[in-house]
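S.K.: Here TrEMBL flags 184-203 as compositional bias 'Low complexity'. Among the features that TrEMBL reports, domain 'C2' is placed at 1-115, 269-383, 425-554, 589-712. Residues annotated as region 'Disordered' in TrEMBL: 156-230. Under the heading transmembrane segment, TrEMBL lists 841-874, 956-986.
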Amino acid sequence: MTLNAITGGKEKLVVEVVAAHNLMPKDGEGSSSPFVEVEFENQRLRTQVKYKDLNPIWNEKLVFHIKDAADLPYSTIEVNVFNERRSGNSRNFLGKVRLSGSSIAKEGEEVVQLHTLDKRSLFSHIRGEISLKLYLSTREEVKEVVDFGNGVVVSGSTAAGSGPSKKNKKLQQQSPVIVRQQHQLSTQQSNNRQSQLQSQSNSKPVEPNPGEIKPVNITTGPSPAALNHSGGVLTGRGGAGVCGGLSSFSNVSSEFSLKETRPHLGGGPLNKDKTSSTYDLVEQMQYLYVRVVKAKEITLFGGGDIVAEVKLGNYRGITKRVGSGNVEWNQVFAFSKDCIQSSMVEIFVKEGNKDDFLGRVWFDLNEVPKRAPPDSQLAPQWYRMEDKKGDKAKGGEVMVSIWFGTQADEAFAEAWHSKAANVHFDGLCSIKSKVYLSPKLWYLRVCVIEAQDIVPREKGAVMARFPEFFSKLQVGNQILRTKIAGPNPNRSMSNPYWNEDVLFVVAEPFEDCLMIFVEDRVGHGREETVGRVLLPLAAIEKRMDDKQVVSRWLNLDSHFGAAADSKVVSRFGSRIHVRASLEGGYHVLDETTMLSSDVRATAKQLWKPHIGVLEMGIWEGKRESTDAYCVAKYGQKWVRTRTVVDNLSPKWNEQYTWEVFDPCTVITVGLFDNCRVDKNVINNASWRDSRIGKVRIRLSTLESDRVYTHSYPLLMLHNTGVKKMGELHLAVRFSCANVVNMLHMYTLPLLPKMHYVQPLSVNQLDMLRYQAMNVVASRLSRAEPPLGREVVEYMLDHDSHMWSMRRSKANFARLINVLSSLLALARFMDSLRNWNKPLYSAMFLLIFLLLVAMPELFIPAALLYMAFVGLWRFRSRPRYPPHMDAKLSHVESVLVDELDEEFDSFPSSRSADIVRVRYDRLRSVAGRIQSVVGDMATQGERFQALLSWRDPKATFLFVMLCLVATIGFYAVPIRVVVAFWGLYILRPPRFKSKLPSKAFNFFRRLPSKADSLL
């Protein structure tokens, strides 16, 4: 039974196969039975088979004999991972790794290395990583290979030595979960293998000292997650990056998945009129509201400021300071019901800098009324206060209203909250809930046609050189330039001609001016302004369609306002011919088209009635930051919840509503940590609110009038890997008033008409989107409280166009997934041709002949089949809205170096060596793509060569075949031709040849232009 025993030799190569993870399922049941086969210098060894395990753990050592140690740096070790099929006589390829002999370490210096599995070809569907440890050993190592008779070869190893080295001991102490020695089991297995080796091997075995037997390492802990969190450094292939801290294991999918919840909605049963049921998607939160309006008849001796203080148990709320001449505050204080620690609430009126109160009034909470919208607001009343002696005659009066309500109260947004008692006064404004509106954005199109009588400012310039005139246009901080006017024999040098369009993004109200400069390039990097004109944006004509507006001649100011001086004499009247218009027929894109929340045109006259209402209840978060707030963006409406201070599980319970004009839009919800709560950073402009996570929901995936209550995972990608920042609990409902109108929207263009009548280029859209994002960010940052630029950029995906190896892999996997259905159909047709299932092949042949006999049934049958499949899949339709998918995004298996490249600035701020490694990696990927593109071009050129007479003999054969086929197709009915073609294709394997067909051989011999490439 023993096939080989490696003995003798001073140095041997030890390949320790530790583990693999995230392998591709190949058995058709969502799993695989992997084993590893290692080949070195015509020696081939393999590990045991791990049945039904996509994250197998072996910890097996494969020992190879080295013929010549001097040739080791020039040798290669090939590691292949296969899936063993049920039959045991065949296997599927799961990936390979090819290692250089120069990367082999000495014994005692080896570390576990994580290698990404490579593909056989570009179109191989491979994923996963394998952890290996390679080193040279001078010990007496025994390698046994046992054959069980069915072709399955397994390996085990016993090593001689005094025990684990100090290096191994240190590694085991740092990561006890990875390598867990089980002495009794390993010793028993070693003894059994030694006795089996001695009884079955013909060669003389090595008899190691029993005290020097190294036990087999058996891992019973978790899958390779521990490898990344151990004390050792795991490097990627080629040592390019460190892969510690990655999480791509079996429990990741459940942790990163969407969870359905069944909360108690505050509104009770759903009402048919969705807009009338206020706050029915969140849990009702009870608050005690105290409104302190003003005071009168206050006896004040010091003449200082006056404040009012509302006290409820240990909570105190203080109003702003006002002068004694006008004692009016009109402030609201909200105390959460779970914070009530007393049976009465007290209101004090004090002098600003003193502790003694001037007047006091108190209320019993049992007597406080309850109010809920749509009830009108409770009218405030005058209450006589008592002074510190209890005398009400000298205490004055205060106007107060007090009631119990919920978060649906009108005063909730502006009220001071008891849970924000520790926030300083300057930060109170930044923690309140607000609604923002994006500015109304317009495209400003300016066509610079020509100019007349332009005189260069440089003396003698006309005689010395040809003037290089160009126009520079500026709106705010947006600057664009036209091309340099070239020489024209029909025009003089002083009359440049451009006829070039430029586009800007402007926002209402129009505060800026359009500045047009005519400049002359007098040298490298030197431009001289020869004239300018200012045009207010409010004076520019608006247009709603593709009709051109009237062009205008504008006088250029050559002396920049000095012409009013009597000493300045203008000999020439320079002017410029422009056509400017505000484009109202376009939709100004500030988001990516695929994730847009609004696709309406700018002009309100082109809007259509809304088709429904979107309601969202923002419930709570889990395991988030201590000062978290939520921002939701849909259309032009931005909403910001209040900041829940000092709470890792904040509860907002706020509900918002949007009008929906198109169902194929996306609402974006982001969470942030409010840094402005800290008093030390309130005036520091460099501090930015940190991101916690983001959720996107496409409205077209929601069923109408259904409430979706789910807990969404908040995933953030850092330069060390993906991290779950917490969860966000949302309740969403999309209500449609008219289903027919909504279904009709699917037949209309996604964007307004102008995008198709006068389309913009891709480069223009990218540039204009960047400008639109800057305009929106600048306008929202001027609100109070401001919505930071970092928030706007994160919500609008400002970095979606940046290069990322991870996104490229994810998009390629998406493409492969799309093509997998076609590949599955091709495999199914191939199985029918090969009669692997005779019953299916016979049925398909009968159906094919029936359709040939009655071809009018082909299209109805295909449409009926698709309708049947759609109705059949209705039962298994997705019931949950989509969410951020970590597996689809390839964040579980990404290398740290790739993440560092993704988070790198533009241009790169990394060292030249790192940039060189990344460039070489990109070259290798591009090389494979280049090969595939070349193969595709070759096939296309072969089709072109059929009639090109590039190969006269091949073209002659093809022309003669076409002439003969013309006669045949004319004489024989088409149904008979198709029937015979189908019978020929579907003939049983007994009548087939394994050689390629003659037509395929003829096509492969056709020439291409690949022979002419350098």
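Each Cβ is built from the backbone N, Cα and C atoms, and glycine gets one as well.
Help me see these features in their spatial surroundings.
M.R.: If you average pLDDT over the domain 'C2' (1-115) in this model, you get 82.
Long-range neighbours of the transmembrane segment (841-874) within the same chain, counting only residues 6 or more positions beyond its ends whose Cβ lies under 8 Å from a Cβ of the stretch, are 832-833, 835, 975, 978-979, 982-983, 986.
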S.K.: Please give the sequence-distant neighbours of the transmembrane segment (956-986): residues at least 6 beyond its ends with Cβ less than 8 Å from one of its Cβ atoms.
M.R.: 832-833, 841, 844-845, 848-849, 852-853, 855, 946-947, 1002
S.K.: DSSP-wise, what's the residue breakdown of the domain 'C2' (1-115) into helix, strand and coil?
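M.R.: Computed counts for the domain 'C2' (1-115) are 9 helix, 59 strand, 47 coil.
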S.K.: What are the DSSP helix/strand/coil residue counts across the domain 'C2' (589-712)?
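M.R.: Going by DSSP assignments, the domain 'C2' (589-712) contains 15 helix, 57 strand, 52 coil.
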